[in-house]
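J.: Pasting a structure below so you can have a look.
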Amino acid sequence: MFLEYDAAVFSRMLTGLTLGFHIIFATIGVGVPLMIAFAEWMGLRKHDEHYRLLARRWARGFVVTVAVGVVTGTSIGLQLNLLWPNFMQLAGQTISLPLFMEVFAFFFEAIFLGIYLYTWDRFKNRTRHFLLMIPIVIGASFSAFFITSVNSFMNAPRGFELTNGVITNIHPLAAMFNPAAPTKTAHVLVTCYLTSAFVLGMIGAVKMLKGDRHVYHKKALQLTMTAAFVFSIGTVGIGDLSGKYLAEYQPEKLAAAEWHFKTQTEAPLVVGGVLKEGNNVQYALEVPYALSILAHGTPSAEVTGLEEFAQEDRPPLIVHYFFDSMVAIGMYLVFIPLLYLVFRWKKPGWLHHKVLLWGIAAGGPLSILATELGWVYAEVGRQPWILHDIMRTPEGATTSEHVDAMLYLFIGLYAVLGISSAVVLRKMFKNNPVAHELESRGIDRRGGSS
Amino acid sequence: MTYEILGITVLWLFLYGYLIVGSIDFGAGFFHFYNKLSRKNYQVNKLIQRYLSPVWEVTNVFLVFFFVGIVGFFPDTAYYYGTALLVPGSISIVLIAIRGSYYAFNTYGSKDSRVYSFLYGISGLLIPASFTIVLTISEGGYLDVSEGSVTLLLRELLTSTYSWSVVVLAVVSVLYISAAFLTYYSYQAGDRASHQVFRRYTLLWAGPAILASLLIFYTISRHNPEHFQNMLDISWMFMLSFLFFLGAVMLIYRERRLGLAFVLVMLQFFSAWFGYGASHLPYLLYPHLTIYDGFVNETMAAALIAAFIAGLLLLIPSLVLLMRLFLFDADYVRGNR
């Protein structure tokens with residue numbers, strides 16, 4: 001509207017919009033099946049119908065989010081071709097294998113999800129129904145793995161040679177298992193699990209804050225917070241390894257995130273702050289040696305600074321804030337489940353204290369926010385490249401003159417889908433509250449709280 | 001068989017899968033809405049819901065397979081079609097998004113809503129219509145390819161009788177295929193009333209379906225004579241298709257062997273679809289792109305084919321399980337489970 005038309009800029013905005021909307025549903029789509037599997041498994045092992053109902057209700061809500069995840073996933077899949085035809089022409093030659101396999105993994109998941117949803121009471125042996133969840137978890141996690149390996153290829157392109165615009169010597173597996181793949185895929189997977197645990201934990205916490213003290217919700221909290229603790233520790237560990245990956249393969253991305261300008265040993269970690277003229281950092285908290293440790297594991301290590309790179313090859317410096325906010329939320333997501341477990345161990349009386357419940361409830365939206373921030377950092381931090389050191393972003397974009405109109409069209413679409421799915425989910429659970437379902441299924445007699 | 005032919009055949013097969021499964025799905029959605037609107041025969045709607053519910057996601061995957069596969073096997077298609085199709089492609093995405101989500105909202109949400117049913121019923125019919133644009137464009141004459149850019153000639157596209165006859169064929173075929181399937185399915189379910197409704201729909205749409213195909217022959221002979229000549233060279237495939245059509249209509253009219261009747265419908269479209277596809281070769285886009293100059297490197301082609309075979313070994317047993325549990329489980333179809 002007020003911008004001068006530039007197809008590449010609008011293509012970036014539209015891709016960012018679609019991905020930003022899609023990853024909310026994709027994250028839930030990858031993580032929630034695992035949580036459902038945990039709940040159903042607990043129900044079987046402990047012969048506890050509460051856990052089984054938990055799995056059942058989660059699955060019911062999950063279906064709605066999956067639907068939006070599927071259609072927005074189709075949307076991004078097509079948009080990659082429509083908005084980045086030149087990039088996809090090159091990508092088709094080099095990285096189409098995991099893209100192709102992602103569809104298989106998702107197909108596998110979709111088939112079993114269809115079966116799972118409609119067979120709750122169909123098998124005499126209940127373990128069989130639980131077993132259906134395993135291919136769903138595998139399919140969901142593998143599709144995340146494959147698609148993230150494509151993204152990691154954009155960060156660390158391998159498995160081909162480019163001479164005078166001709167691609168030769170192609171190795172599809174080397175492209176897929178590029179140096180960025182291990183840390184990136186692990187990071188995406190574990191944070192999907194973490195976010196899902198928090199989103200589901202949030203539901204229980206909100207119910208309890210509203211005064212529903214049913215043991216059903218307490219069991220939900222215990223399950224989700226225990227899982228969240230494990231995943232949050234995993235997130236921290238993988239985050240550390242990601243730092244080491246960046247230091248070695250994309251030092252400018254790390255340096256931009258840390259506002260680290262001069263190459264130096266014993267580098268401190270810059271937290272927060274404001275950038276003044278001449279790359280002077282002010283009001284920041286500096287943690288001595290921390291960047292050297294993050295980058296190379298030892299306090300004395302030398303960390304490459306941003307000044308080693310030509311101006312036109314540097315990522316925008318704003319990514320510092322995205323990175324810091326993501327890490328701060330990550331810390332919060334370690335702290336809350338840790339607090340929960342400590343209370344359970346030492347101070348059971350405080351376990352369902354209002355403050356902790358609020359803390360868990362806030363973890364839901366915060367974890368999604370961290371996912372968004374992480375994606376923005378990952379994508380903006382890779383700029384100016386769409387394919388690191390090989391293709392600059394504008395070179396990959398379409399030349400079409402109508403990307404702006406499409407951007408507005410999709411803003412409208414996602415607004416409508418977002419609102420509709422929220423309304424549908426709300427109605428679904430409002431019209432069939434837990435207490436009612438516990439009773440109608442004969443799990444509880446009246447007043448089952450403890 | 002060369003890699004090029006193998007690749008395009010596999011992709012064409014997937015698009016055929018989408019044509020059948022998608023038609024059943026989209027047509028059923030439309031009938032669901034139509035019956036709801038005219039407050040007829042509520043039984044039919046329950047039946048449609050029963051069929052659609054467990055398999056809706058599977059439909060979409062056929063489509064995704066195709067477009068991921070075509071960029072994998074023929075990366076240059078991304079350049080030509082990707083640039084030209086931004087606007088029509090985006091409209092298709094919006095339709096798919098509306099169709100998929102509102103179907104789910106209506107089915108899994110707490111109540112059956114008229115607005116939601118309208119949204120997914122209508123968008124389902126528009127999706128095939130919007131996708132046919134790709135096939136139309138592939139005939140050539142609708143793109144301006146000049147140094148470094150590809151543009152869609154929208155005016156030519158919108159004023160072309162060929163492109164509109166393809167749209168008509170798409171919509172009519174969706175209704176015909178879907179009605180034929182639901183005739184069989186309602187019969188299996190023992191729902192006499194619905195069965196009669198769908199039998200009538202099938203016979204009603206059979207005539208227009210054939211007329212629309214004839215219209216295509218006529219318009220393509222004028223739009224792309226080269227392609228038309230190739231079609232005449234393998235005219236036996238289209239004759240075969242017509243025979244399958246006659247067989248299917250006959251069986252449905254006489255209410256005999258309805259399962260076989262639907263198989264004949266599938267064969268009718270199979271032979272026409274592959275007849276069209278085979279005569280289109282070697283062009284992916286007249287006259288700019290053939291399967292030979294747009295093909296991916298051999299290493300990737302081999303890797304994709306290996307992944308494809310491994311994937312099929314995993315998927316086919318799963319699909320069989322899905323069908324045995326839902327589509328072909330007599331108790332489930334009758335609503336006893």
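Keep in mind that glycine also has a Cβ here, set from the backbone N, Cα and C atoms.
Copied straight from TrEMBL:
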TRANSMEM  A:20-41  transmembrane segment
TRANSMEM  A:62-83  transmembrane segment
TRANSMEM  A:95-118  transmembrane segment
TRANSMEM  A:130-154  transmembrane segment
TRANSMEM  A:186-209  transmembrane segment
TRANSMEM  A:221-239  transmembrane segment
TRANSMEM  A:318-343  transmembrane segment
TRANSMEM  A:355-378  transmembrane segment
TRANSMEM  A:405-425  transmembrane segment
J.: Report, as numbers and ranges, every residue of the chain located at least six residues beyond the transmembrane segment (A:355-378) whose Cβ falls under 8 Å of a Cβ in that stretch; write 'none' if there are none.
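T.: The answer is 16, 19-20, 23-24, 27, 151, 155, 184, 187, 191, 194-195, 198-199, 201-206, 208-209, 221, 225, 228, 257, 319, 322-323, 325-326, 329-330, 332-333, 336, 339-340, 343.
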J.: Test of understanding: applying the rule of at least three C-beta pairs under 8 Å (pairs 6 or more apart in sequence), is the transmembrane segment (A:221-239) touching the transmembrane segment (A:405-425)?
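T.: Contact criterion not met.
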J.: By Cβ distance under 8 Å, which residues at least 6 away from the ends of the transmembrane segment (A:95-118) in the same chain are close to it?
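T.: Sequence-remote neighbours of the transmembrane segment (A:95-118) are 33, 59, 63, 66, 70, 73, 129, 132-133, 135-136, 138-140, 142-143, 145-147, 149-150, 153, 172-173, 175-176.
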J.: Using a Cβ cut-off under 8 Å, which residues of the same chain at least 6 positions beyond either end of the transmembrane segment (A:62-83) come close to it?
T.: 11, 14-15, 18-19, 21-22, 25-26, 28-29, 32-33, 36, 106, 110, 113, 117, 397-398, 403, 410, 414, 417, 421, 424-425, 428
